[in-house]
Amino acid sequence: MAEAAVASTVTLPVSGGWTKHVTCRYFMHGLCKEGDNCRYSHDLTNSKPAAMICKFFQKGNCVFGERCRFDHCKPTKNEEFSSPQMLPPSSPSPSTDPESSQPAPRPKTQDWANAAEFVPGQPYCGRAESVKVEISIPLIEELDCDAAVDKEALRKQLCPYAAVGECRYGINCAYLHGDVCDMCGLQVLHPTDNSQRSQHTKACIEAHEKDMEISFAIQRSKDMMCGVCMEVVFEKANPSERRFGILSNCNHCYCLKCIRKWRSAKQFESKIIKSCPECRITSNFVIPSEYWVEDKEDKQKLIQKYKDGMGRKPCRYFDEGRGICPFGANCFYKHAFPDGRLEEAQPQRRQTGSSSRNRLSEMLLMLLAAGD
């Protein structure tokens, strides 16, 4: 071992080391940042690798064109098959040799035990014997045919870059650049696929209508003022408070925070706190909304959407049948048992005389408030 170590140290050159005999792979790609200080060789005269040839150009679909940093040269067939060991052996006639029907043995993968010994600090020499690869001419022709088919398939697909903005490859792009949509202004319409064009146009119109609805809602809501705090809801300092509390039975404007605070007061009866602070009309619930809604049809859609959303959430008071919900059948939340069964609606009880008197007193209070 000592003699081998001495021999290895003697074979190394004094200046530069063994790395000067290895071509810098970053320099071969034009990306070496070390420059003249690089430990590896920057001499490409005797180290032009096959990897420098652009494999996409050989297939006929290199999108970089003249800007590609690899060589755009396709080797001739004489160069590809100049070595006799690369060609498949000619098969004898089946009539003369009875053993010709037997399948030819497949080349075995080289055993790892035959690999060259690895010495730390020394360049790796690879395996002791080179692996012979047999490639047939029909296989190369088949690959060329597949490349042509792939290129033709790419020309039928819309360019993903042009579909979202601008494609930097321009006319050299391997993909198809679609027609410009009048709605979104993007190149997303296939020139020949009418179904794709109609589907995109329909989706664009729906998105445009939705954007217009949001624009109208913002225009309708930006100047609305809360009737309790007297602040413009869209101009509140805290962004989380820029929400409206829509009453189900009247069109007076309140922010969600103020109307919830009003309805959570404990010193008044239930009917009083459920009534509007201005018109005294009772609303059984408040709908949170990002935009102000006043139209009757739009309010009904908002109420139905709110009820559907609440109906998918389990009621914490019902607690899967273990508790009692004080709201009963009027609860918007889901009353379901552990097995998935829904609670049956209980029949409503008839109002007693005391409840009727309470309603009359509340109506008198409303009339007095209206007279003031």
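Glycine is no exception: its Cβ is also placed from the backbone N, Cα and C atoms.
As recorded in Swiss-Prot:
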{"type": "ZN_FING", "residues": "20-45", "note": "zinc finger"}
{"type": "ZN_FING", "residues": "48-75", "note": "zinc finger"}
{"type": "REGION", "residues": "78-110", "note": "region 'Disordered'"}
{"type": "COMPBIAS", "residues": "93-103", "note": "compositional bias 'Low complexity'"}
{"type": "ZN_FING", "residues": "153-180", "note": "zinc finger"}
{"type": "REGION", "residues": "181-208", "note": "region 'Makorin-type Cys-His'"}
{"type": "ZN_FING", "residues": "226-280", "note": "zinc finger"}
{"type": "ZN_FING", "residues": "309-338", "note": "zinc finger"}
Residues of the parent chain within Cβ reach of the region 'Makorin-type Cys-His' (181-208), under 8 Å, 6 or more residues beyond its termini:
158-159, 162-165
Take the zinc finger (153-180) and average the pLDDT across it for me.
81
Residues in the zinc finger (20-45) grouped by DSSP into helix, strand and remaining coil:
9 helix, 2 strand, 15 coil
Per DSSP, what is the residue tally for the zinc finger (153-180) in helix, strand and coil?
10 helix, 4 strand, 14 coil
DSSP-assigned states of the zinc finger (309-338) in counts, ordered helix, strand, coil:
9 helix, 3 strand, 18 coil
